[in-house]
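**Student:** Pasting a structure here, questions to come.
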Amino acid sequence: MWIERNLIASILLFSTSAYAAFKPRIVKKEFDDLLNPIYFNDSSTVLGLVDQTLLISNDDGKSWTNLQEVITPGEIDPLTIVNIEFNPSASKAFVFTASKHYLTLDKGSTWKEFQIPLEKYGNRIAYDVEFNFVNEEHAIIRTRSCKRRFDCKDEYFYSLDDLQSVDKITISDEIVNCQFSQSSTSSDSRKNDAITCVTRKLDSNRHFLESNVLTTLNFFKDVTSLPASDPLTKMLIKDIRVVQNYIVLFVSSDRYNKYSPTLLFISKDGNTFKEASLPDSEGTSPSVHFLKSPNPNLIRAIRLGKKNSLDGGGFYSEVLQSDSTGLHFHVLLDHLEANLLSYYQIENLANLEGIWIANQIDTSSKFGSKSVITFDAGLTWSPVTVDEDEDKSLHIIAFAGENSLYESKFPVSTPGIALRIGLIGDSSDALDIGSYRTFLTRDAGLTWSQVFDNVSVCGFGNYGNIILCCSYDPLLRSEPLKFRYSLDQGLNWESIDLGFNGVAVGVLNNIDNSSPQFLVMTIATDGKSSKAQHFLYSVDFSDAYEKKICDVTKDELFEEWTGRIDPVTKLPICVNGHKEKFRRRKADAECFSGELFQDLTPIEEPCDCDPDIDYECSLGFEFDAESNRCEPNLSILSSHYCVGKNLKRKVKVDRKSKVAGTKCKKDVKLKDNSFTLDCSKTSEPDLSEQRIVSTTISFEGSPVQYIYLKQGTNTTLLDETVILRTSLRTVYVSHNGGTTFDRVSIEDDVSFIDIYTNHYFPDNVYLITDTDELYVSDNRAISFQKVDMPSRAGLELGVRALTFHKSDPNKFIWFGEKDCNSIFDRSCQTQAYITEDNGLSFKPLLENVRSCYFVGTTFDSKLYDFDPNLIFCEQRVPNQRFLKLVASKDYFYDDKEELYPKIIGIATTMSFVIVATINEDNRSLKAFITADGSTFAEQLFPADLDFGREVAYTVIDNWESKTPNFFFHLTTSEDKDLEFGALLKSNYNGTTYTLAANNVNRNDRGYVDYEIVLNLNGIALINTVINSKELESEQSLETAKKLKTQITYNDGSEWVYLKPPTIDSEKNKFSCVKDKLSLEKCSLNLKGATDRPDSRDSISSGSAVGLLFGVGNVGEYLNQDSSGLALYFSKDAGISWKEIAKGDYMWEFGDQGTILVIVEFKKKVDTLKYSLDEGETWFDYKFANEKTYVLDLATVPSDTSRKFIILANRGEEGDHETVVHTIDFSKVHQRQCLLNLQDSNAGDDFEYWSPKNPSAVDGCMLGHEESYLKRIASHSDCFIGNAPLSEKYKVIKNCACTRRDYECDYNFALANDGTCKLVEGESPLDYSEVCRRDPTSIEYFLPTGYRKVGLSTCEGGLELDNWNPVPCPGKTREFNRKYGTGATGYKIVVIVAVPLLVLLSATWFLYEKGIKRNGGFARFGVIRLGEDDDDDLQMIEENNTDKVVNVVVKGLIHAFRAVFVSYLFFRKRAAKMFGGSSFSHRHILPQDEDAQAFLASDLESESGELFRYASDDDDAREIDSVIEGGIDVEDDDEENINFDSR
């Protein structure tokens, strides 16, 4: 503070003759809007843009002229300026308007119109000009014409004469970018006029086909391109940049995902490109930008990553630098701060070589970052301090503009002098703008001093000797405006009061800061009105120092200032082999330094070569920190040196070599620099496992919960985010698939007790705490915001914490505690609150609830009318163990309706809500369904099911399937560990059900062994209890369930056992297969979803079509002894299986099935197995140096990543240390698979595969033949990535209907002979409801006992469901018109009699020739399931006539069977059908993703638990309830792992 007080005192007392006698001349100009001035270089001429009107001043802004009066005098229509371009030296300007374009080649003195032959695509047009650094007359013009956002067309042009004439570049219609190869001053290895362009070809659907790099040396008269064999032509080249001596291509690592990580390909000649090696990144952003480098052979780049924080802040980045080949990068500065707009917090201070100042993320700092500075081009970094006081750190807030990052033609103009805005120490508040200060340095950042106690905008004149500043409020709050200026490099200051309130927004000098003239842009307000005035001040210091010019020969007026000083040793620092000095005016000299518009030239002095700085690792060597030397990479060395004659020789190679381009002198003879490469021993096979990368991270505490975020709405953020919670209630986040984790840090010591994700908006993450605070992220856990909740979460009361709105991410319901001193307090209850602004405010919704649902977003608005604000709540009934269902359309403000007084819960499935109600006997259940929230229909179950009372329901929501029906499990056996029941299938609206399978297994929590095969409709697996009768007997208390696996290929219409493989993984034949036992005694039986540790582990994958895994055994039923289990694999959707390995394994799919990974479960292991060719061959890979106890194997939910994580404990299960192994296969494949979406015969890496029903004789399944695109298994050298394979899915044809396209209708049951027969004593449904549902219908069909499988698309053939049409009420006329009824007279003879005579004749002939001689009618049977062919019907065929007759007879027999069945089932009167509607709910530990269960037990039993309820899990929704005394609360230590996927 002493220094600061004395500085203020000096400002007040300082009075020299120069200050006393001098005041700058000020000219004030007012404009209608803010003026944006731009100087020509070395000139007093300024262009000014005001609201798209261009002005010009030739006297440093003192007077202005409308440029239109200069260019086009007399024209009425104003020129609307689109943009202005300057050449690199800022001596020429090019003005683009909406209609015409103008240029000046003499700094605005004269103007000339020029034309661009643009094919106008839209009304919004942008122009961008790039000039050749060597010859600025040569230019490339890029135009973009847009109709609307993202609907644009780019065109490229070139000019050889300063745009006076412009020609279009016509080498391709799809140019990505073109650049001069001499786009910087240091591009010395290419010809001056070389132009390099990138082109990209897309198909009609805008999918990538190919890229190319085109080069011309004579302005497109001759063009060279990459050969078709070059791998780059098959990669998505996103852009091109010329960086110093290099041409850099930005290449997407996945050609079908432009947001995938960016690869850099480098070339010096523009013809040969090599991929650069970048260090592994913690982030996945594709953004890469370049910095200026002191050596043109060294590339400096910034790579954007991600930041995890609670401040809502942005991203972090890394500063990278290459070696002098441009191919190998290392990190100079990590965790560089950046914001969401990629504005990097780094700058080249005062344009001095090697001096950079940056903000680096520092979580220990109150600001979240710290300012650091380097004086040796990034080799070392040190804190920025004030007045050389290390305890007074300076935190820079505002950095110079983006231009400081890139190549500039302008040299240093203010040597060592800079002003920045910042804060001192951690005591200041970064959010308080009033605490910001203005700081000055005169030694290029070595020391800083405060000059103003507020924010100021400043400009430099006369090379930094004159400084003009104005106070600036970032909030643009008006205050008395004054100028403050210094004539001695900021040591002393004077002020001028301008006499009005306002704010300055910018101070400008000419480009090289040599002029004494300044322009100040201000906004003024009078305090009485909101209207602002815009003033431009021209401030002239030409009369300062009594107009004296410094005598350059007088040393007392100048000093030699060294540009880079070591902050510790205070000695000059060498960068790029040289030191740098400037001759600058001393601060107290009273004269103008140098001549106007004269550039400063540094004085360079070469340094002696330094072995650590001026030498680098040679090609094929990498620096190793442990040995402190360059160690060889044998694969790189051998590929480069072991060629030709050297294949069997020993080659000597230098470990280090001199950095190309360094200016140092006196080469150093390096010790131990030679390495001998024995080429005869380096030829090793390039095995894939050598390219797998594994990392291991450990945390304190056991893993309790982990979640992979599903692909979100923001596609720029890749699907690699993992969130992990431990038993210590800490949360860690990884954005790179588990390679690195960051702990979610918060200010207070808060414990996280649960993690929720929004199923509808996967980017949203919610961290539940043990307090009344909630942490919310809407950007995939990149940052979190703290939200104060109205109460603590009610998780301990057995309720969920949150439910979400389907269409509004800001709307959710919070379930908290009310009046809870403890959970045993009798007054303790739950209270629901609703927010519509993402937690900023809450309103009470309803008290004493178990859960509430936004059901108004569930129903189908196209079919039904309902209130979108409709909410259903399950509300507790005092002193009762059941709930009641209440509804409201206004959040229970005025509207509240009780729908059902006694329920156990509700659930949603598809667009329905299902309610499980309790009957009057208090012992059984009844289910109702609604599709609009107001009309409910009872769900009718098959009448022939003997299940006694209904005790438990599970709704299986096939949300991954396209089936119009859903499955419903009704428990028929509820004894503990002996649970099973009937699997029922609904009709289209969920009101009636038929039996799909009996005795289907279920666990004690209501989850069912039913699992669909993802992405293949109609295929599902179940486990049935084959000893159900034995279990139902009273003598079976010690008997366990015997499970047998079955599979369906027609959505549950028929089920078959899994065919076992012949041999096991050890090539031994299975005994039951050897004995040729039937499938009933010898089939493959697999553990179901209820028996997996993580039910999110599906048997199949949505992206790896047809590939299935399962753990089980071959035999009569599933072996409960784990020692007899093995892992099985199918690549044809379950038709055939292969044993992979013996033991209990976990599995995962990667890259849409090209990578298969398995690891043994619940065992300490260090090795996994993987396959790259769909399971044909398997390899072992050791992923860790020590064995860990495996808990789970996981990857992204879409199974498209090439990264996997193994979650483990260091010791046995329950050990309090989490270990995460990450296994990365990204470098295993050498290329991306080729896919031509337009030409399937283009010879790419894919083939079509068609799923089949093994019971069918043709290729039809569900009424059609379909094909999916899959990578050819043997093409294991390529990966798929985000290739849109689903777009090539095709239906080859629809098939004729067969028996397998039908299932039994309601009240009909499958008989032993394969036919559907009416249940005794029941009546069929009344199908006339279709007339009421669809007013356009003119007919309906009487029930036949059959209904078509909902997923079947078959046409014609066997029509078992519509034999007898009946007209709809009031549609008789239309019905008669359709079927031609009502004819009389002659028409009857023609229409009826003649065909009847023909039929009788044909019938007699067929009877004699076909039926009678083949044994009569006794040989022909009825319709049976599974008898599509007639192979068992051998008929006499002696000639061609016999063959024709027999074919006709067989057809007639089939037809007669259909008629006979209709006769059987049309005798009963049709019953009426109930109307339609829906249901939703909840999760616990991740269970069957498709299950929602209603559980009930005897209300009068002493066990006291009617149903159980736990916290939410979006994958397994269970509808039940918590009765007093029936609550299970998770232990505080949370030892049990909860692989939740909310």
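Note: Cβ is positioned from N, Cα and C throughout, glycine not excepted.
So Swiss-Prot lists the following for this protein:
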| type | residues | note |
| --- | --- | --- |
| SIGNAL | 1-20 | signal peptide |
| TOPO_DOM | 21-1387 | topological domain 'Lumenal' |
| CARBOHYD | Asn41 | N-linked glycosylation site |
| REPEAT | 56-65 | repeat 'BNR 1' |
| REPEAT | 102-112 | repeat 'BNR 2' |
| REPEAT | 373-383 | repeat 'BNR 3' |
| REPEAT | 439-449 | repeat 'BNR 4' |
| CARBOHYD | Asn454 | N-linked glycosylation site |
| REPEAT | 484-494 | repeat 'BNR 5' |
| CARBOHYD | Asn633 | N-linked glycosylation site |
| CARBOHYD | Asn714 | N-linked glycosylation site |
| REPEAT | 732-742 | repeat 'BNR 6' |
| CARBOHYD | Asn922 | N-linked glycosylation site |
| CARBOHYD | Asn989 | N-linked glycosylation site |
| REPEAT | 1128-1138 | repeat 'BNR 7' |
| REPEAT | 1170-1178 | repeat 'BNR 8' |
| TRANSMEM | 1388-1408 | transmembrane segment |
| TOPO_DOM | 1409-1445 | topological domain 'Cytoplasmic' |
| TRANSMEM | 1446-1466 | transmembrane segment |
| TOPO_DOM | 1467-1542 | topological domain 'Lumenal' |
**Student:** Which Cβ among the glycosylation sites (Asn41, Asn454) has the fewest C-beta neighbours inside 10 Å?
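**Tutor:** Among the glycosylation sites Asn41, Asn454, the lowest count of other Cβ atoms within 10 Å belongs to Asn454.
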**Student:** At a 10 A cut-off on CB-CB distances, which of the glycosylation sites Asn633, Asn922, Asn989 has the highest count?
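**Tutor:** That would be Asn989, with the most Cβ atoms nearby.
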**Student:** Can you figure out which of Asn41, Asn454, Asn922, Asn989 (the glycosylation sites) comes closest in space to Asn633 (N-linked glycosylation site), comparing Cα atoms?
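**Tutor:** For Asn633 (N-linked glycosylation site), the spatially nearest of the glycosylation sites is Asn41.
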**Student:** Treating G and I as helix alongside H, and B as strand alongside E, what does DSSP give for the repeat 'BNR 5' (484-494) in helix, strand and coil?
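**Tutor:** Computed counts for the repeat 'BNR 5' (484-494) are 0 helix, 4 strand, 7 coil.
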**Student:** Which sequence positions outside the repeat 'BNR 3' (373-383), separated from its termini by at least 6 residues, show Cβ-Cβ distances below 8 Å to it?
**Tutor:** 293-294, 300, 319, 321, 332-333, 349, 353-358, 360, 390, 393, 444-446, 564-567, 573-576, 613
**Student:** Between C-alpha atoms, which of these glycosylation sites comes nearest to Asn454 (N-linked glycosylation site): Asn41, Asn922, Asn989?
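**Tutor:** Going through Asn41, Asn922, Asn989 one by one, the Cα closest to that of Asn454 (N-linked glycosylation site) is Asn41.
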**Student:** Using the alpha carbons only, what distance in Å do you get between Asn41 (N-linked glycosylation site) and Asn989 (N-linked glycosylation site) once rounded?
**Tutor:** 76
**Student:** Could you give me three numbers for the repeat 'BNR 3' (373-383), the DSSP helix, strand and coil residue counts?
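**Tutor:** Summed over the repeat 'BNR 3' (373-383), the classes give 0 helix, 4 strand, 7 coil.
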**Student:** Do any residues of this chain, six or more beyond the ends of the repeat 'BNR 5' (484-494), have a C-beta under 8 angstroms from a C-beta of it, and if so which?
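**Tutor:** Distal contacts: 10-11, 14, 18-19, 22, 24, 417, 419, 440, 442, 451-452, 456, 464-471, 539, 541, 544-545, 587-588, 590.
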**Student:** Roughly how many Å lie between the Cα atoms of Asn922 (N-linked glycosylation site) and Asn989 (N-linked glycosylation site), rounded to a whole value?
**Tutor:** 28
**Student:** Between 0 and 100, where does the mean pLDDT of the repeat 'BNR 8' (1170-1178) sit?
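**Tutor:** The answer is 95, the mean pLDDT of the model over that range.
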**Student:** Kindly report the helix/strand/coil residue split of the repeat 'BNR 2' (102-112) according to DSSP, in that order.
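**Tutor:** Helix/strand/coil tally for the repeat 'BNR 2' (102-112): 0 helix, 4 strand, 7 coil.
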